[in-house]
Amino acid sequence: MNSSKSPGLAGFGILKNTTCHTEKKISVFFSIIFMTVGILSNSLAIAILMKAYQRFRQKSKASFLLLASGLVVTDLFGHLINGTIAVFVYASDKDWIRFNQSNILCSVFGICMVFFGLCPLLLGSVMAVERCIGVTKPIFHSTKMTSKHVKMMLTMVCLFAVLIALLPILRFRAYQIQASRTWCFYKTEHVEDWEDRFYLLLFSCLGLLALAISFLCNAVTGITLLRVKFKSQQRQGRSHHFEMIIQLLAIMCVSCICWSPFLVTMARIGIDESHSNETCETIIFALRMATWNQILDPWVYILLRKAVLKNLYKITRGCCGMHVINLHMWELSSIKNSLKVAAISESPVSSKQINLQPRTSMGQ
């Protein structure tokens, strides 16, 4: 079927000669497992965020909580919508011609795949920038990074991702059913038109740029925290710095490992026509790797906190028999400590006031 002559059946040409066959039971199992684990983990993260937001309403932490909430909500709806459509496709024996005559479902599926894939990457980069500003410029962060500004940034990121997802529809270019017949995306087979290449390169370049920004900002944040740790002699900052650096390393590693295969594969297909015949097994594997990032996001950003790190420390100390760091003094909020210690290092006057405050209270 020629998609250019029959817009209503666009994307069905791939169904005539498909060379990719996936085992139904295994594929359904993966889809259900990914969807269930993703929904449960993100729901738990949302509950933790709501509880934390009710208990702590400091201005310095409000921006982080809002951005983290936007991230986990996006991941939650991504698993819910994309997972439901994928399970429906498997349950219908991947017979797209029977239940998708007007190509509406494929278009919705493709839009959701692009939006829920790109939006978390952009939000992750925004969170990295926010953390970098909060640690390196705490005064600017406390005065300029208000809840209103963060909500505006969240709205702009979501609208930008929606625009990228709707761009093919606005240009009357239908999303294509992929070779595995289980999902829809940009055209990835026999890519010859410049516009098809543009969409693939746009998606992959935006994703890789978001990863690069996250990596750079997290590196600057980590270096700054290490410098503050070595300069500050306060006992309360040591465990906090250890916790924050571990979180930053986990964020960078998970994002790069999970998303790089899919983004690089899409970029290769868009750049070189010879790579447009990539096996669908390779693409499906890269897609599942990217899905794991959305599953691990809430555990990295929200749940990898004091209790988990303390248990890991005890296990490591028991195995290695080494005393790495004293973890007796843990502060309640890691974000609060990072801003406080960074502010102390930036302003010597503030440190003197903080040191004099306990004496004044004791005198009273």
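Any Cβ shown, glycine's included, is placed from N, Cα and C.
Just so it is clear, the model here is predicted, and its values are computed rather than measured.
Taken verbatim from TrEMBL:
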| type | residues | note |
| --- | --- | --- |
| TRANSMEM | 26-50 | transmembrane segment |
| DOMAIN | 41-301 | domain 'G-protein coupled receptors family 1 profile' |
| TRANSMEM | 62-90 | transmembrane segment |
| TRANSMEM | 102-129 | transmembrane segment |
| TRANSMEM | 150-170 | transmembrane segment |
| TRANSMEM | 198-226 | transmembrane segment |
| TRANSMEM | 246-271 | transmembrane segment |
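For the transmembrane segment (198-226), same-chain residues at least 6 beyond its ends with a Cβ under 8 Å from one of its own Cβ atoms are 114, 117-118, 121-122, 124-125, 127-129, 131-132, 135-136, 164, 167-168, 173, 186-188, 191, 241, 244-245, 248-249, 251-252, 255-256, 259-260, 263-264, 266-267, 269-271, 338, 342. Sequence-distant contacts of the transmembrane segment (102-129) (same chain, six or more residues past either end, CB-CB distance under 8 Å): 7-12, 64, 67-68, 70-71, 74-75, 77-78, 81-82, 85, 96, 153-154, 157-158, 160-162, 164-166, 168-169, 174-177, 183-186, 203, 206-207, 209-211, 213-214, 216-218, 221, 251, 255, 259, 290, 293-294, 297, 301.
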